[in-house]
There are 2 protein chains.
Amino acid sequence: MATGRTHRPATRSRGIPEATVARLPLYLRALTALSERSVPTVSSEELASAAGVNSAKLRKDFSYLGSYGTRGVGYDVEYLVYQISRELGLTQDWPVVIVGIGNLGAALANYGGFASRGFRVAALIDADPAMTGRPVAGLPVRHTDELESIIRDNGVSIGVIATPAGAAQQVCDRLVTAGVTSILNFAPTVLAVPDGVDVRKVDLSIELQILAFHEQRKAGEEPGQGPAAVTAAAGAPQAPGRPAPGSRKGPEGDVPAVMPA
Amino acid sequence: MATGRTHRPATRSRGIPEATVARLPLYLRALTALSERSVPTVSSEELASAAGVNSAKLRKDFSYLGSYGTRGVGYDVEYLVYQISRELGLTQDWPVVIVGIGNLGAALANYGGFASRGFRVAALIDADPAMTGRPVAGLPVRHTDELESIIRDNGVSIGVIATPAGAAQQVCDRLVTAGVTSILNFAPTVLAVPDGVDVRKVDLSIELQILAFHEQRKAGEEPGQGPAAVTAAAGAPQAPGRPAPGSRKGPEGDVPAVMPA
DNA sequence: AAATGTGAAGCTATTCACAGCT
DNA sequence: AGCTGTGAATAGCTTCACATTT
């Protein structure tokens, strides 16, 4: 999750299930840590535990890549690092632009994990002329006017959108027109893109809401921490033209009998 | 997705599938926009399109909540906003702490979408004494020493971790011990938590790697933008004790015959 | 006429459990 | 003896298509 895909249905690309692809980076991170500690081989059990999945899933995942393990022994760490990197396309250099250099954009630009694995921040772009030229994370911010030329000159195919929601679709359109075919969207909007363009979104608010849902369930069972104050924002609106209560099939306490204050 | 769940298998909570829960915030956002434009009712087709899903899925999702629509008409916008908000637990007030006030933590603290929907930033916490007391997003940063008392005094059950990877597990342990049962993790680490604690993670690096995977596929088909330069970081390591090539079952070009420069 | 709600079908993903290799 | 790789079984999710309701 935080994750969620938008375009491109969960279909297999060359036989590797989407769910597996989404876990490969996790395995890669765990393997890289092992590699740094000079661990030569690892079993599916150990690696799975380091990646936070179960070992059957891991073995199944790896089986889509090929038979890269040794029965009775395990997997060669360095070898697997290379195979997964190659499969993910990380042996190539991916120039990336970040559009929208506010708090979040700046945080992303400064994020170290960017540079490490094949990704390179080619440019930071912002619409505010006051930002233009200001250095952020060692790069001068460039104005939106230059967006198209930056994309073309650097052969950028991945764009990161960290603008306010209102600007996101417009920025997206320009990125796509200029040749970007993969977009990572941090703005809380659904982006419309043509076929062949991938969008993934990262949305803080959605993640929190999902946590709140589960948190609410727990509150009923355990006598632990509840929410601090139950200050409902507004009472239930009366749906117009609705017949007598009882026709609604909601699983429990539909509309509170008394509006919360 | 950017998003991924960690603990808690994809099991249903009170009959609502996890996949549906993950989409409710999306519907809610679209509905809120309609509400602000004073649109009274909406069809599954219209709402689905605004939320970026198909209408059959939306109707199925809503069917788990109950029968909240009117055949021949559609859904009452205000009524649905209320029902989904209630289902997600957003009619309650959820105090949240953010731990790790670096670039990202500050960006999160400043993010408006936080306050809007039932979430309230109760405190910003950082381990650096130099940060203590400094105002960020209108709140004074507090020192990690106070973590436990802040959690308890405010009845916080949701924690956001935006620390460096190395500190994340330790912060997580302290949060959980103090009573936090839901964690949103921005650090690139797999967190170990006891049963009953939910973790969701947001990981820029993973999202980019998933995009790179699909991008790599496209490069083969269309003659569009390829990656700028193919500078492989390292050649394929030689797995020790491996027999002659041909035994490996990797689907294609296993190990490059010549190491890339 | 229009649009919901939902069984049934189809598809994807996970888990089991064990044959097969080292 | 140990551990991988994988068919088979199970669970979960999406899509279809249409009866049902307004």
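Heads up, the Cβ atoms here are built off N, Cα and C, so glycines get one too.
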Among B:26-65, B:66-105, find the range that TrEMBL records as DNA-binding region. B:26-65
What number of additional C-beta atoms lies within 10 angstroms of the C-beta atom of B:Gly100 (NAD(+) binding site)? 25
With every protein chain in view, how many other Cβ atoms are within 10 Å of the Cβ of B:Ile101 (NAD(+) binding site)? 25
Considering only CB atoms and a limit under 8 Å, which binding-site residues from B:Gly100, B:Ile101, B:Asn103, B:Leu104 lie near chain A? B:Asn103, B:Leu104
Among the binding-site residues listed here (B:Gly102, B:Gly105), identify the one with the smallest other-Cβ count within 10 Å. B:Gly102
Comparing local Cβ density (other Cβ atoms within 10 Å) for the binding-site residues B:Asn103, B:Leu104 points to B:Leu104
For the domain 'CoA-binding' (B:89-190), what are the DSSP-based totals of helix, strand and coil residues? 37 helix, 29 strand, 36 coil
For the DNA-binding region (B:26-65), give the DSSP counts of helix residues, strand residues and coil residues. 30 helix, 2 strand, 8 coil
